[in-house]
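One structure is given here, and the rest of the page talks about it.
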Amino acid sequence: METEADTAKTFWSEVDVDGVFDELMEVLRRLRHTLRHNTATDREYVQAMRIVQESKLIRTETEDVLLDEDILTVTVSEPQCSPESLQNGIEPEDPQHSTARLYSDVGVVCSHMSSSRPDPAAPLVFQPHVCSSACVPHLPAHTHHLLGHNPLRAPLLCHFQRVCDDAGVVYKAPCGRSLSCMQEVLHFLLQTQSVCVLQTDRFSFSTQVCVERQVCAAPLLERDLSRGLEPVPVALVNTVDGARPREFRYRRERWPHGCFLSAEPLYSVCCDCTDGCTDAHSCACVRRTAGAAYTHQRLTHTLRTGLFECGPWCGCERSRCENRVVQKGLRVRLQVFRTPEHMWAVRCRDDLDAGTFICIYAGVVLRLQQSSECPAERSGEPAVSDDEVQLVEEWRIPEETHTHTHTLDSSPPLHVPVIQRPAEHSLAQRRDQQQFSISSETEDNRCEQALRKKPRLMESNGLQDSRTHTLTHTHDGVYYLDASREGNVARFFTHSDDPNLFIQNVFTDTHDPQFPLIAFFTCRPVKAGTELTWSCTNTEQQKTEEKHCSV
């Protein structure tokens, strides 16, 4: 009969000891942080108390910590846990890691600690009163304290209740007030001065969304693929084989920024709203989008005019502004994973409501010079394979009459010249590419490669002549985003004929119509663990825009 010691030896022989203890230290650091800032949930209070009580502060080396009927064996040694370390912090964090890592995935052994949730509370009874900041007593000092959690669980962490039944979804505020729609939520957040921390996109009234559902835990190849660049860690898992993605430089944003690309004035309008930029008539930035903007920081369909967010020169209060979404960056929890077909893809770790912003498509902006004839292939150079451009999208500029005059109130044409994402290469190709350093390749070489790819991009569409003519006479050249060597998590998004994401052109760092940000939004509710996909040939956009894809 196998003894407990034998079981323990087998357990530790099958896991990464350093990785497990790194995760455990992050759990302890997170608990310490929430306790010090009075943002801990009831469950976290109990967890922290049991850890300290059961460890007996180094009087025994191995103790059992009870967590929800599960026994977790924790080895506590003197240099790792002492009264001084508990008082001053566990250990200094690596400077290259952001504070968002404190809330990162805690792996297999500590997964039930990372997914802490408040115990179900008794029904809240409402007593008539005028709401104030005292109605949300457990509100953290800053929204950053909620990073790393499921965004839709943020109200629950602040002791709200979400009641879902056949009649719909109702939120119960800590003071007992019922909130049955987004307008009531926004009014309550403004009344209680909590809108700076709990914004409207943290609430969901969709009955298809379960805020407690999350993807099953899996061994992590890397806790944060962005290595601290993203506000929320991007996990990397592979349960199929031992492969890792091709080496690339993670970029949180596109490069160069719009301020370095545009030769025109950066911003055509600015606003100084005091109402959160919710009025399309009074907010100049929302009016620039022809009055169609976010609905409580969500976007459910594509806006052909592009979407103009409030910029750095606007006088509106950023924490209250409802017209700043994309510029906040990644907020949802994503996971890059290996598919059974040995391809890389991305899935959401939590349920997502329709219209949720996911991330932008980051990469390096390159330019295709327009010329009458294509550059010839150099002798001795391999031809560019179609596989090197796995997914390309080009948006045709809407035709305009010669009498049309461009004003500040008019909206620029939607223009996404080319989006290029990396393709899966053969093992031999990967070995060849790994011999070259990313930093050693100059911008001239990249542009040269882009020029060689240009004929293949254009020839896949029958509208090549008219499209090229339009672009040549409207802009100096065609620009495209290259994420083959530098990009973000969006480079792993896959194509689907039935996508759950759509693309929206958003202007944040410039109003130049040539340089929008390419943002991804959910087009319907998405369950936790679902692969995130997008398409350049979906039916709805085909009705309004001419596009072509090359696969």
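Our numbering is plain: 1 for the first residue shown, then up by one each step along the chain.
Backbone N, Cα and C atoms are what each Cβ position is placed from, and that goes for glycine too.
Computed from a predicted structure; not experimentally measured.
Taken from Swiss-Prot as is:
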BINDING   CYS271, CYS273, CYS277, CYS283  Zn(2+) 1 binding site
BINDING   CYS271, CYS285, CYS310, CYS314  Zn(2+) 2 binding site
BINDING   CYS277, CYS310, CYS316, CYS321  Zn(2+) 3 binding site
BINDING   HIS342, MET343, TRP344, ARG491, THR494, HIS495  S-adenosyl-L-methionine binding site
DOMAIN    146-210  domain 'MBD'
DOMAIN    269-329  domain 'Pre-SET'
DOMAIN    332-537  domain 'SET'
REGION    426-447  region 'Disordered'
| query | Least buried of the binding-site residues CYS277, CYS283, CYS321, MET343, going by other Cβ atoms within 10 Å? | reply | MET343
| request: Quick one: pull the CA-CA distance for CYS310 (Zn(2+) 2 binding site) versus CYS271 (Zn(2+) 1 binding site), whole Å only. | output: 7
| Neighbour tally for CYS314 (Zn(2+) 2 binding site), based on other Cβ positions within 10 Å of its Cβ | 22
| To the nearest whole angstrom, what is the C-alpha distance linking CYS273 (Zn(2+) 1 binding site) and HIS495 (S-adenosyl-L-methionine binding site)? | 40
| remark: Across all protein chains shown, the binding-site residues HIS342, ARG491, HIS495 give the max Cβ-within-10 Å count at ARG491
| query | Which numbers of helix, strand and coil residues does DSSP report for the domain 'MBD' (146-210)? | reply | 21 helix, 12 strand, 32 coil
| What's the CA to CA span in angstrom from ARG491 (S-adenosyl-L-methionine binding site) over to CYS316 (Zn(2+) 3 binding site)? | 33
| said: If I take the Cα of CYS321 (Zn(2+) 3 binding site) as reference, which of the binding-site residues CYS277, CYS283, CYS285, CYS314 has the closest Cα? | reply: CYS277
| Which residue counts does DSSP give the domain 'Pre-SET' (269-329) for helix, strand and coil? | 8 helix, 4 strand, 49 coil
| remark: On average, residues of the domain 'Pre-SET' (269-329) score a pLDDT of 88
